[in-house]
Amino acid sequence: MESLPARLFPGLSIKIQRSNGLIHSANISTVNVEKSCVSVEWIEGGNTKGKEIDFDDVAAINPELLQLLPLHPKDNLPLQENVTVPKQKRRSVNSKIPAPKEGLRSRSTRMSTVPEVRIATQENEMEVELPVATNSRKQFSVATGLPRPSCPAMTELPLSMVSEEAEEQVHPTRSTSSANPARRKSCIVKEMEKMKNKREEKRAQNSEIRIKRAQEYDSSFPNWEFARMIKEFRVTIECHPLTLTDPTEEHRICVCVRKRPLNKQELAKKEIDVISVPSKCLLFVHEPKLKVDLTKYLENQAFCFDFAFDETASNEVVYRFTARPLVQTIFEGGKATCFAYGQTGSGKTHTMGGDLSGKSQNTSKGIYAMASRDVFLLKSQPRYRNLNLEVYVTFFEIYNGKVFDLLNKKAKLRVLEDSKQQVQVVGLQEYLVNCADDVIKMLNMGSACRTSGQTFANSNSSRSHACFQILLRAKGRLHGKFSLVDLAGNERGADTSSADRQTRMEGAEINKSLLALKECIRALGQNKAHTPFRESKLTQVLRDSFIGENSRTCMIAMISPGISSCEYTLNTLRYADRVKELSPHSGLSGEQPIQMETEEMEASSNGTSLAVNFKEEEELSSQMSSFNEAMSQIRELEERAMEELREIIQQGPGWLELSEMTDQPDYDLETFVNKAESALTQQTKHFSALREVIKALRVAMQLEEQASKQMNSKKRHQ
């Protein structure tokens, strides 16, 4: 076999076998001794085609080349006398091979040689050795009828002397080559074995690295592997946090994010911090994930905002870059609004109202008090002193679509539009204040009355939107207004401790108002002609803050750093990102990637999961639509029922008057009967209307209950 390359040269005509089994002649174009293969070419359909063939396949299909080489001593043994060799009739080997397909004939491009040759090679390695090779050589010797010459004599013979007998020996010789287990492996098989060995070595190295890392970290610590990945990632980034010395920037819409430190409950559970704030406008969320094979990895998602505050930032730092620039706006006759948004327990009330100690609050260290102090400082300056401005404050909350005055014993208020299409909060009390201390007293009074509830993240969560307004009036006329809003937590209804109707209605109203608020802020930032402020009570009350050229808004997104709150943190950041949609590229250098993973992701499995999630979201969206429709119908019918009830109550003094009439000794009976009939007619109408509204309200409540059960069952199946 070693001398076979010496007998192969360019231009030599040999037989080859195609991938479809067809055998035909082809000319050798090149001989590659290093790869142990030859390149052949042939003409087919007017096109020149070619492929590469291993030396082993050349020898198998062209046995006459092997006969010219020195034979093994076993091949020279004499034939046994009792063995009869049947005479084989000459026949064409091609007769049993199917004709090539039309698609193969019409291909004009050069054929790829790898799949054709390697399939046979892999099959040959799996076969066992059969005693066919010896028989085939014996048949060849008998057929020639000549004794085997020595090698020197055979080297001078031309190939044409043995070409006639070669055609009959194609199939036996092919079997001989197939049955040889010591056959040389192809190049691709060798490469595959090398790749396999490299994979095994890499797995062994990774296993050793994991063992070493496990020794460095406390394995009993929950999520220690994710903690190690986050620590390794943070080493690669440079941190430049925001400080009081950094310059402020003016934005019509300013979107900021604030990260709070881990609280006592999270530290007790040994939770890890999954938020990194490397610069004044950039934030990373290290989302823990698992592959299909349960391999842990991180998906580091980047978000860019106007300002990003880490856990070391104080309320003073946050106020300086968020609400303080807005105070100047109201003295210039504008409307300013500052929102605190986020999950319950993320620090919204702490940021807006001040430090919390149990149920008591130090309101002097919140944005409410800081803004009021700056208002009085600016009011005392000479440029604004001549305006003779008076400072008024209001404090109210919006709970379940209803407005309550926190400074007037939580009286219920009505939101109506006047003839000038201006939204008026009927019954809201405005209180004149002369200094910042008066404001702090009002804040303490209103904060004590605010509605709270229990949620997944906070046992004493604010379940209402609290709006504290500072109004500047000049001779009774509104000059400017600053609205500071502490929004309710953005948990879903399924995340609350109780799943009763009140909780569901509460969560649905919160989500509805938050979506409406986002669209109003986006319309303000994009200078749209239409602002959808009628979608919720919150945006109705703050309507004048979203219209006009001199309107400015700031949103502070509050996030929790714990790994258990990662999903809610991402929801908060996506909501805030949709408000302004800043690109994270602006806060990153060219060398820093947007998303980094510690392990390779499985593209196929991710694609499948995305498709499944999309289908599940479609099913949930239809059920959510039915639920929201039922909730809207309940609120509408509830308002109608309250109106009918008020009408009935207003008729109460009329019945009392009739009763007092009968106490007089000389009352007119005719007058009594007429008034009683009139009152009964009016009351009957109101009672009938109230009865119909109550029936419709009962049906709407049943539909809401059914839609809620369908959503919960769907979530449990997921």
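Glycine is no exception: its Cβ is also placed from the backbone N, Cα and C atoms.
As recorded in Swiss-Prot, the features of this protein are as follows:
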MOD_RES   Ser3  phosphoserine
MOD_RES   Ser19  phosphoserine
REGION    86-111  region 'Disordered'
MOD_RES   Ser92  phosphoserine
MOD_RES   Ser106  phosphoserine
MOD_RES   Ser108  phosphoserine
MOD_RES   Ser112  phosphoserine
MOD_RES   Ser163  phosphoserine
MOD_RES   Ser186  phosphoserine
DOMAIN    252-582  domain 'Kinesin motor'
BINDING   Arg258, Gly342, Gln343, Thr344, Gly345, Ser346, Gly347, Lys348, Thr349  ATP binding site
MOTIF     409-412  motif 'Nuclear localization signal'
MOD_RES   Ser513  phosphoserine
MOD_RES   Ser626  phosphoserine
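Feature map: annotations from Swiss-Prot on the structure.
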residue	record	contacts (Cβ under 8 Å, 6+ apart)
Arg258	ATP binding site	Ala308, Phe309, Ala313, Val318, Gly347, Thr351, Ile556, Ala557, Met558, Ile559
Ser513	phosphoserine	Ile398, His465, Glu535, Ser536, Lys537, Leu538, Thr539
Ser626	phosphoserine	Leu703, Ala707, Gln710
Mapped onto three states, the DSSP assignment of Arg258 (ATP binding site) reads strand
Between the recorded positions Ser19, Gln343, Thr349, the one whose Cβ has the fewest other Cβ atoms within 10 Å is Ser19
Its residues classified by DSSP, the motif 'Nuclear localization signal' (409-412) shows 0 helix, 2 strand, 2 coil
Quick note, Gly345 (ATP binding site) and Ser19 (phosphoserine): C-alpha atoms separated, nearest Å, by 69
In three-state DSSP terms, Gln343 (ATP binding site) is classed as coil
Rounded Cα distance, in Å, between Thr349 (ATP binding site) and Ser19 (phosphoserine) is 75
The rounded CA-CA distance in Å from Gln343 (ATP binding site) to Ser19 (phosphoserine) is 65
Pairwise CA distances across Arg258, Gly342, Gln343, Thr344, Gly345, Ser346, Gly347, Lys348, Thr349 (listed as binding ATP) top out, in Å, at 14
